[in-house]
Amino acid sequence: MSTSSMKSQDSNGLRERINNGSATNDDNMTARCGSEPPSEDFELDKDKKTFGRTPDGTIFTVPQTHDMVSQLLDPRQPKNLSDLIVLVILALHIFALYALPSSLKRPVFAVIFLFWRGCYNVGIGYLLHIQSHHKRIVAWAKKWNLFENPVTGKNPRPWLYQLIKTELETKIPEDYKFEQAPIEYNTWLVFRRVVDLILMCDFTSYCLFAIACGGAPSDEGLVMSTLRWGAGIILVLFNLWVKLDAHRVVKDYAWYWGDFFYLIDQELTFDGVFEMAPHPMYSVGYAGYYGISMMAASYSVLAISIVAHMAQFAFLLVVENPHIDKTYNPPPPRKHQDNPTPSDIDHANALASSKEGLEYSLDSSPTQTPPLNTTQPLAVHNLMGLGNIDLFRITDVSILLLLGYVFLITALTPSTPVYQALFVINAMFWRLWYSVGLGIILDRQSSKKMWTRHFVKYGDSTEEAWRQWKGMYHLSMTMCYASFIAATWKMYSIPSDWAYGLVLLRHVLGAGLVSLQLWTAISIYESLGEFGWFFGDFFFDHAPKLTYSGIYRYLNNPERIIGLAGIWGAVFITGSRAIFCLALLSHTLTLAFLQFVEKPHMQKLYGRNLRSEAGLSKSIKRSLPPQIKKWHGNVDRVLEETGHFVEEFLDAARPKLAAGVSTIFRDTSALFSQYPARLTLTRIAPDLAGYDPRDYSVTIEGTSSDSALHKRTTSKEGITARIPQERMDGFKPLVFEYGAPIKVKWTAPTKHSKADWIGMYMVADNASREVTRIPSAGRWVATVPNEYESSPADQGILVSNRFVSGSKRIDGSTQDYVEGEMIFEGDKLFWTQGVFEFRYHHDGKHNVMAISLPFEIRIPRFDDENSNVNITLDSDNSQSQSLIRSAVEQALLPVVRNCFDRDPDIAPNSVDESFGVLVARDGKYPRRVVHAVHFMFGIEFAPEVVRADGNVRNLAWRICNAKQVLAPYSMSHSKGTNTPDVDGEKA
């Protein structure tokens, strides 16, 4: 079931976008809807009814439906054939439990449950994935004419039409007419019947498997049995409440993933269980599985419950989350210039369409260095994550070396009491330094900017202080947890009998708690980013107000409880008193850090803007009786008074502590001052007879790159090859700009297959000119729309099957034909240099009917020859720098626009206009830009640089600055020597 209600805060933007997009099609919309109610009646009815909107803008009334349990088991609800089929299948499951021998019940029902769980997570997941990305399920319904009235003669299966019509109208007696409902809604109704079967069989087979495995330990007492059954029943009841409350909030629309098919035109609610936990139906909504495992007292049931839960999380990450982000969390519109001049836009479009040459106006005043963001550091070279490890960075190398030492010492030393004590003491030291030492530094930074002042005193910038702090914090955190893991390993001994007592259960619980802490840490980092993770608001100006997103939507301080679940998991796994004391110390110090370091700083920055209660706290307090609420308020007062007392005590002792810390820093500073193969199936059409390749043709048009064409001959060739080539015909080689859209025009006989398609390939990738042997990798467009189930196949079609009569062939005969046009842009292009061609293929197969002329995509190198000013990038003259920077900006702007697909939402129209937000979200755009910059200027940047610079002017400034810095080490052609001539100086 979909958890789209969690994105309700973005639903207004969604409706505004849909309304704006459909405002120009009101007449067509009204015609499709049959009779849309007048505006006044529409507003009155809207309070009572729910209205849906299909992707093409059709508005319809969404009738009321009921959940699957009520439909199947409530005798008051109408029944039909599909209900009978589901009930019969469920009855067969129950019958099998009693019919099978005892030795076969467990394995058979384990296989049955895993089958239905696979149908759920893999089967339904696949269907939803292709529906979200390609509208494939609706396309199947259209292709098979499932909902086409047999009266039209287009439905080859009228019996199936009548069956589906009877099934759906029986279930929905009000506000629903099968013939008038949109195809998306009818398809969703059929889809949910399949979902009903899978979900009911999934849960039933799980319960039957638990019954087959159920039992009681032979040595279990009455008290333990009562506790086990009581806890299990509580978890099952809690699970039931979560499901019922979730269904109350999201209704059948989100329960059956309705937003994969259509959208409802109303406010999405956000309350109840959705304030308690993220994705409650997939997280806390599976508590009942563990309750049933406890009642069954079976590790087999627990194991299969964990497998099912993990599969459900995989379903969430792979299927639902991408769809939710795409549907309810679109990128915000790009910030355009306040007063963009028409000349800016015209100039940008002219540069993007054709580049005949560059002209630069001489300005006596040097161009100012573009101001970079100084309020917060640029997130370019992050520390966190395996993907950000950089062996050229001293912090990463130091951490890897220290981790290597910890691993070697842990592995090579015996687990004697002496070594165990040393490892525990080492872990205790790192925890004290991580919580107390860094806490004191942050407290001094918050009140007196101590850390920043130290670096400014020696001439460094605030960003240098920030980098050094991040390195220290990252190293301290890594060593804190590495030393704790090492101590845990030393105190751990592999059990000799896993079935003894609660040994296996302790390991399962411990592993679960460790996983919970890892998930919490990832969620915190995703919510806060690098800046928040390293307490950036202690060092830089803070935001005007706090935003609570991600895990902070439900908890104010996740680190307080679940953020330390892993250390208590280690206690369960080891069963060691020393690890218990270490975990207790860690938890206490973390709570103290939050209370005495982070909380005062946040109150000083944000004051009353701080949220008093999180979503989980609100949900729990609402469910408490009044007496407990009153007692809770008294406890809060006592804790607050105790906190004030401790703060006063620390204020009195702070001067002595500060003096001691200063001494440690001074002594430490003095000490350190001394010291792939892929299988491809090629489909060949058997019906090529009667199709003449001479009747097909493919021609192309694109944005020519004349500067790249003129640079084919350089001084690197022999003397004869340096002479300009004299052509014997009027042919001009096709050289196009990097990333510029390419228009393809094709002709074909009138009887050509509607499934024909055109793909883009590298010339060197295909040895055969008759059959294409490699896949197109998505770089293809159909010649006729709506012939393929994949919607990207139609993206790019401009003209299709336009009839042309009387074409004269080479043999003198005339013949009618059809023609079409399509455009290849964005992901349908190769984002690299090379020689390419377009191939026209027959009938959805790989038989080639026509091939375009080969064309080249090149990135022209920026040097003195493509600039009208006689200067170099490494010039020291200020006026020269101004001129060359302007030249770089103008050369870079059309390339950046091409790299951003010339999308008006993200591509800039001028050098000062900021990039769209999607550039920061989708890494392909920055990677395209840095690839082009590398070939244009010989400078290699990381993609994060493009995100951080934010516009063409900043990027051009960075390129010029990098060229100046790297000039002495450049090996490119230059007008002078790059290094001084020592002998010449001596002479």
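Cβ atoms here come from the backbone N, Cα and C positions, even for glycine.
Features as listed in Swiss-Prot:
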TOPO_DOM  1-83  topological domain 'Lumenal'
COMPBIAS  1-12  compositional bias 'Polar residues'
REGION    1-56  region 'Disordered'
COMPBIAS  19-28  compositional bias 'Polar residues'
TRANSMEM  84-104  transmembrane segment
TRANSMEM  108-128  transmembrane segment
TOPO_DOM  129-193  topological domain 'Lumenal'
TRANSMEM  194-214  transmembrane segment
TOPO_DOM  215-221  topological domain 'Cytoplasmic'
TRANSMEM  222-242  transmembrane segment
TOPO_DOM  243-271  topological domain 'Lumenal'
TRANSMEM  272-292  transmembrane segment
TOPO_DOM  293-298  topological domain 'Cytoplasmic'
TRANSMEM  299-319  transmembrane segment
TOPO_DOM  320-393  topological domain 'Lumenal'
REGION    327-348  region 'Disordered'
TRANSMEM  394-414  transmembrane segment
TOPO_DOM  415-421  topological domain 'Cytoplasmic'
TRANSMEM  422-442  transmembrane segment
TOPO_DOM  443-483  topological domain 'Lumenal'
TRANSMEM  484-504  transmembrane segment
TRANSMEM  508-528  transmembrane segment
TOPO_DOM  529-560  topological domain 'Lumenal'
TRANSMEM  561-581  transmembrane segment
TOPO_DOM  582-987  topological domain 'Cytoplasmic'
Ask   = Given the transmembrane segment (194-214), which of the listed stretches 84-104, 222-242, 299-319, 394-414 has the most Cβ pairs that are under 8 Å apart from it?
value = 84-104
Remark   = Across the topological domain 'Cytoplasmic' (293-298), DSSP labelling yields 4 helix, 0 strand, 2 coil
Ask   = Same chain, outside the transmembrane segment (422-442) by at least 6, Cβ under 8 Å from its Cβ: which residues?
value = 410, 450-451, 472-473, 476-477, 479-480, 483-484, 486-487, 490-491, 535, 538, 578-579, 582, 585-586, 589-590, 592-593, 596-598, 601, 657, 661
Query = What residues in the same chain, six or more past the boundaries of the transmembrane segment (299-319), come closer than 8 Å to it by Cβ-Cβ distance?
reply = 3, 106, 110, 113-114, 117, 120-121, 124-125, 128-129, 132, 206, 209-210, 213-214, 279, 282, 286, 289-290, 292-293, 504-505, 508
Remark   = Same-chain residues at least 6 beyond the ends of the transmembrane segment (222-242) with a Cβ under 8 Å from one of its Cβ atoms are 216, 273, 280-281, 284-295, 297
Task = Could you pull out which residues elsewhere in the chain have a CB under 8 Å from any CB of the topological domain 'Lumenal' (443-483), counting only those six or more residues past its ends?
result = 377, 383-384, 394-395, 398-399, 402-403, 406, 423, 426-427, 429-431, 433-434, 437, 530, 534-536, 538-540, 596-597, 600-601, 604, 658
Inquiry  = Could you give me three numbers for the topological domain 'Lumenal' (443-483), the DSSP helix, strand and coil residue counts?
reply    = 36 helix, 0 strand, 5 coil
Query = Is the topological domain 'Cytoplasmic' (415-421) packed against any residues at least 6 beyond its ends, judged by a Cβ distance under 8 Å, and which are they?
reply = 487, 490-491, 493, 578
Ask   = How do the residues of the topological domain 'Cytoplasmic' (215-221) split into helix, strand and coil according to DSSP?
value = 0 helix, 0 strand, 7 coil
Request  = Taking helix as H, G and I and strand as E and B in DSSP, count the residues of the topological domain 'Cytoplasmic' (415-421) in helix, strand and coil.
outcome  = 5 helix, 0 strand, 2 coil
Key: Distant-in-sequence neighbours of the topological domain 'Cytoplasmic' (215-221), which means Cβ under 8 A and at least six residues beyond its ends   = 228, 296-298
Ask   = Which whole number is the mean pLDDT over the topological domain 'Cytoplasmic' (582-987)?
value = 77
Ask   = Reported in the order helix, strand, coil, what are the DSSP residue counts of the topological domain 'Lumenal' (129-193)?
value = 42 helix, 0 strand, 23 coil
For the topological domain 'Cytoplasmic' (293-298), distant same-chain residues with Cβ under 8 A (at least six beyond the ends) = 210-211, 213-217, 220, 228-229, 231-233, 235-236, 305
